[in-house]
Amino acid sequence: MEEKTKTVPFYKLFSFSDSTDVLLMIVGSIGAIGNGVGFPLMTLLFGDLIDSIGQNQSNKDIVEIVSKVCLKFVYLGLGTLGAAFLQVACWMITGERQAARIRSLYLKTILRQDIGFFDVETSTGEVVGRMSGDTVLILEAMGEKVGKFIQLIATFVGGFVLAFVKGWLLTLVMLVSIPLLAIAGAAMPIIVTRASSREQAAYAKASTVVEQTLGSIRTVASFTGEKQAMKSYREFINLAYRASVKQGFSMGLGLGVVFFVFFCSYALAIWFGGEMILKKGYTGGEVVNVMVTVVASSMSLGQTTPCLTAFAAGKAAAYKMFETIERKPSIDAFDLNGKVLEDIRGEIELRDVCFSYPARPMEEVFGGFSLLIPSGATAALVGESGSGKSSVISLIERFYDPSSGSVLIDGVNLKEFQLKWIRGKIGLVSQEPVLFSSSIMENIGYGKENATVEEIQAAAKLANAANFIDKLPRGLETLVGEHGTQLSGGQKQRIAIARAILKDPRILLLDEATSALDAESERVVQEALDRVMMSRTTVIVAHRLSTVRNADMIAVIHRGKIVEEGSHSELLKDHEGAYAQLIRLQKIKKEPKRLESSNELRDRSINRGSSRNIRTRVHDDDSVSVLGLLGRQENTEISREQSRNVSITRIAALNKPETTILILGTLLGAVNGTIFPIFGILFAKVIEAFFKPPHDMKRDSRFWSMIFVLLGVASLIVYPMHTYLFAVAGGRLIQRIRVMCFEKVVHMEVGWFDDPENSSGTIGSRLSADAALIKTLVGDSLSLSVKNAAAAVSGLIIAFTASWKLAVIILVMIPLIGINGYLQIKFIKGFTADAKAKYEEASQVANDAVGSIRTVASFCAEEKVMEMYKKRCEDTIKSGIKQGLISGVGFGISFFVLYSVYASCFYVGARLVKAGRTNFNDVFQVFLALTMTAIGISQASSFAPDSSKAKGAAASIFGIIDGKSMIDSRDESGLVLENVKGDIELCHISFTYQTRPDVQIFRDLCFAIRAGQTVALVGESGSGKSTVISLLQRFYDPDSGHITLDRVELKKLQLKWVRQQMGLVGQEPVLFNDTIRSNIAYGKGGDEASEAEIIAAAELANAHGFISSIQQGYDTVVGERGIQLSGGQKQRVAIARAIVKEPKILLLDEATSALDAESERVVQDALDRVMVNRTTVVVAHRLSTIKNADVIAVVKNGVIVEKGTHETLINIEGGVYASLVQLHISASS
């Protein structure tokens, strides 16, 4: 049993209403009651009408008598108009207002939570999901649905009061049918919802497969994992198909039962009503009045289910949100209590600190850690990855509080300060700069409230960012994209530094702050930082010792303890000391060449933001990326237009295998459509029978009640069969389309994904939303049109045979009744359905803020985020209110029109009867046949899908299906070599990325790699080193020239086989949200790797040790993108994955860059063992990795300018390699 869903009591939903809301709710409720009572009053008038026509058929004054009743209809219509308007408008407006208030309160509360809350209790996805999804559910539960509920209950109560007054005995007999009607009406939505949530759950899992696969498409392609992805995708899609068929069948069954009970209740009433007319002296009109009122009132009770479902969903959604809103954080960003001093000197002390992260309370980071940093000093923290260096920074920022011990600034416990004030004195620049989806100016402006443009420009200048910003077409106004994807890593880092400079803090915290820069920018930024660090207390966390050297004090941290402390020169004296060992690990012989990590880390960061986004990956070229984008957008617009027109026949063709099912379904649909018009004739016959002489009446009423039972039985059979058949046809179509699309996408060439239009999110939503819309185009629309056509034809035939004159007059007004029926159902379903889309933009603000909560916290930008959020919401609230008013007017008018049409019809009928052109029975037959037809059609149509959207969806889906993959991994043709030696040659290669055709990466690149050699590629960031690796794996094909493997051109070899010969370890290891075991086994293509092979690979990659030390060992789930492991651990799992593959050619793209010196040494040893007898291509900055390569090739301006061994190249006077090395030596010292 799953635990019971927690909910809040219904009245609590309204706990955030103000006096205006209370007034709106009261007025809205009064309107709803008035509107609800309108229907029973209408049946009362209908009964009077029947009597006045039935009893005065031969009377000269029939027109006068009838017109009096008709006038009452018009008055009733006017009254209902006002009531309905107040009901809808007031409830929609108050719902919109209160939901907006809850939404911003929730965001505000989220922003004030301590960081631990985000580690343990929530995620960006959850927050955004709640803000866009859950608040819509809450809005539905407290808006128009409440009005609707009050209206339906008023109809129910009013109807029964009236029925008892008019004929209590008949009413009592009919009460038998109420529970059945109400139960049938209520059970259907529950069963349907259950099936639909199963379907949604299966689809959600399928979407995760899509997101994971496309988000790491390079890894999937490199390890030929397309088949695995397809397999798991198919499994989930099949589950969803089964659920959707169940849903279709249960919906049909529900409807069938409802109509069966409905017709049987009429049968009972007709038989018993006849008895009442004979024995108790009822009139025909009274019997009809009671019949219609009781059935309609009972139905109205059944119609409350959508409201009750909405209330339940809203109460459940509110529980989590309100719980968060009421949560008091242990570290509260909005708490203004606490000390505020004139200024601080900046002395920092950690005293006996014990600390573990909330997400891993059992693993202690510090147990009694102490550290003192004098004010104005620069302190550096060094140590291996995972030793606790960044934790010190988090504690100083008070992201967390220690479990015992204290953190002091100027001798005052951090907890005693006002949090906002003390954070305002601390500036943080971290390793992965976090930018918000807004302009560069706004991003820098986060550093200081109300900063002027001059101040922002000065800060940018100081951070060495002004140059590249000026080159951008829109300068400071340039939008940086989500997470800053439009900029390279180095550019993002400089903006982050400018943001910290603008803040002018007393304490500066630099967490690997220059790691993302290449040597040149690093030198300049380091100078900027040196200027900024003057007379401030600075804490530096770094791998790279060049940054650390000049620090006043260096603390070496090992497993949460300080093992050594002192200045660079002091610590070097102890040769066996931890610091000296770290230095030794980083040095090669006597050269302190940190060439390595500067670029190394820089590229890692560039890539970190967007492993999918080639644009940032390759180039630090500033304006090109933006211009390239603009040029490309125009092209895509054109291609989009062309794909817009997709004929329905083409979609229908996909449904061809289900032809028989569709034909059967269509026939049943036709039968289904005639049920309502037949009901109209039967009802007219019944009314006629009630005014016959007693003997005939008794016989007729029995006969017609039997016919009604048969009609009920027909409904019970036809409805479920009809919906089941269409559910099967539609479900199979969706299944087919989704699988076709995903298969196509997975096998597209990697370059296709560089286009932002083909990002994993976009494709994911196209697969889910568009496929669902297409189903509506074929299955649902077809079933609907058949049903409606049958209803229309049968209704017209019946009406015209009865009295063509009256039929023509009523036909003119029928569209109005149809519109009314349509609006009524729309209202039951809710006008708020499209509220979700409106909040997308505002959600992005929340998404950004929560995703980078540490940045928001450290810059005290909570208020700023709230302002931005509220600004984006203003229009939404206005449009919500406008929508409320419009819906209210529409809803009110529709009632008025309906009642006026009724009045006109009977008035005209009475005149025709008086003139002797028709008789009383025919008037009712025409009226009921046509109105029932209209109601049937409009009810069906209101569930009609939006076909215009579906056409767009079809175009988008066929756009994918028709796409041609330039490099298709399904292509089985091509040679397979028996024995691979591993000779590689690149001949005259020219290459540009499609997304940036104006940036030439290679011009005539020539280069040979002999079998078994280790070749290192070096060059500055953006020179195209990683591109070589992409070309070798055929992620791209060169524009001209060719690449050969063992003298055979790559294009002639079977693609899948080629990729199986190569093992890639990239700079950012991409792991899947699965166990460590299955991540390693992925290298073998999933299932084939044995336990022994997996462990052997892990041992070789120096990963077995840390895997065994984790509680679940190889069964540990690594989390989304491997988030549960540290960088070094992820990298080792990735290396193990490549080893399991036993590749002939090894491609290492910055494979050890993410590791600290200690792990790097061990992994490097592992790689050295793996590289034996394999052709290896290494891209790296670190000389330790490059030095022992057989050949070093220096790439510059798209060609190879130097190649040879380390010894040869270093001795070339003024050579590129020598100057690269020199640059880094000077950067280090």
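Glycine is treated like the rest: Cβ placed from N, Cα and C.
According to Swiss-Prot, the transmembrane segment annotation covers 22-42, 73-93, 149-169, 172-192, 252-272, 281-301, 661-681, 706-726, 797-817, 888-908, 923-943, on the basis of sequence analysis. What Swiss-Prot lists as N-linked glycosylation site is ASN56, ASN450, ASN645, ASN758, ASN1073, ASN1173. Annotation comment: Swiss-Prot describes GLY383, GLU384, SER385, GLY386, SER387, GLY388, LYS389, SER390 as ATP 1 binding site, evidence class sequence analysis. Sequence annotations record features per position, and here Swiss-Prot assigns compositional bias 'Basic and acidic residues' to 594-606. Swiss-Prot lists 594-614 with the feature region 'Disordered'. Taken from Swiss-Prot, the feature domain 'ABC transporter 2' covers 984-1222, and the record attributes it to sequence analysis.
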Closest of GLY383, GLU384, GLY386, SER387, SER390 to ASN1073 (N-linked glycosylation site), Cα positions, binding-site residues only: GLY386
Local Cβ density at ASN56 (N-linked glycosylation site) - other Cβ atoms counted within 10 Å: 19
Residue among recorded positions SER387, ASN1173 with least C-beta crowding, 10 angstrom cut-off: ASN1173
Chain-internal residues, separated by at least six, CB under 8 A from SER390 (ATP 1 binding site): ASP511, VAL541
Which of 22-42, 252-272, 281-301, 661-681, 888-908 contacts the transmembrane segment (172-192) most, counting Cβ pairs under 8 Å: 252-272
Any contact, the transmembrane segment (706-726) to the transmembrane segment (22-42), with at least 3 Cβ pairs under 8 A: no
Distance [Cα-Cα, Å, rounded] between GLY386 (ATP 1 binding site) and ASN1173 (N-linked glycosylation site): 34
Integer Cα-Cα distance in angstrom, SER385 (ATP 1 binding site) to ASN1173 (N-linked glycosylation site): 31
Nearest recorded site to SER387 (ATP 1 binding site) by CA-CA distance, among glycosylation sites ASN56, ASN450, ASN758, ASN1173: ASN1173
Whole-number mean of pLDDT values that fall within the domain 'ABC transporter 2' (984-1222): 82
Feature contact check the transmembrane segment (661-681) with the transmembrane segment (22-42), CB under 8 Å, 3 or more pairs: no
Nearest-integer angstrom distance between the alpha carbons (Cα) of LYS389 (ATP 1 binding site) and ASN56 (N-linked glycosylation site): 98
DSSP-derived class (H/G/I helix, E/B strand, else coil) of ASN450 (N-linked glycosylation site): coil
Alpha-carbon distance [ASN758 (N-linked glycosylation site); ASN450 (N-linked glycosylation site)] in Å: 38
Least buried by Cβ count (within 10 Å) of the glycosylation sites ASN450, ASN758, ASN1073: ASN450
Cα-Cα distance linking GLU384 (ATP 1 binding site) and ASN1173 (N-linked glycosylation site), given in Å to the nearest integer: 31
